[in-house]
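Contents: one structure, followed by commentary.
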Amino acid sequence: MSSPSKRREMDLMKLMMSDYKVEMVNDGINEFFVDFHGPKESLYQGGVWRMRVELPDAYPYKSPSIGFVNKMYHPNVDEMSGSVCLDVINQTWSPMFDLLNVFEVFLPQLLLYPNPSDPLNGEAAALMMRDRAAYEQKVKEYCQRYAKPEDIGAADDQELSDDEMSEDGTESGDEAMVGNPDLEES
């Protein structure tokens, strides 16, 4: 059996080689950000969230800590801290799972099938149970307001368009910095 540090490196490498943008924090492999796209055919489709991931020293025997950095309106996500209420991460984690499972299965399932009976966001849970149409509208508003790709830097890898360039061919003023997040959680 491989050591936890080798497994950590292997899982992180698999995530980096997938379609996810991964940004390391402080050049270590225990803490990083992953850009996560809302699942297709969901209320969250088109949204992009920056996820903060922290791997404990005992990973994969102990689950990773996962949280949304930009705001998310969902019964099982704390709106202020971004913490996620997901049994498979918080209680039933197994070393058989890896980081790709988190981003390709667990988080999409959470967004597709919210559980209002076990909420971290009581307001979202109550609204979902009381008025589904109003809940769905609020989710869409949050996606438009807080989960645009340019707001989390997902568009950084694309070349700047002509109107984002100044006459001398450099990035123009402060506009190039708009939307880049601080590393502090809100």
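Using N, Cα and C of the backbone, Cβ positions are placed for all residues, glycine too.
Note: TrEMBL annotation is automatic and uncurated.
Per TrEMBL, these features apply:
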DOMAIN    1-148  domain 'UBC core'
ACT_SITE  C85  active site, glycyl thioester intermediate
REGION    149-186  region 'Disordered'
COMPBIAS  153-174  compositional bias 'Acidic residues'
Do you know the DSSP helix, strand and coil residue counts for the domain 'UBC core' (1-148)? 56 helix, 25 strand, 67 coil
PLDDT averaged over every residue in the domain 'UBC core' (1-148): 93
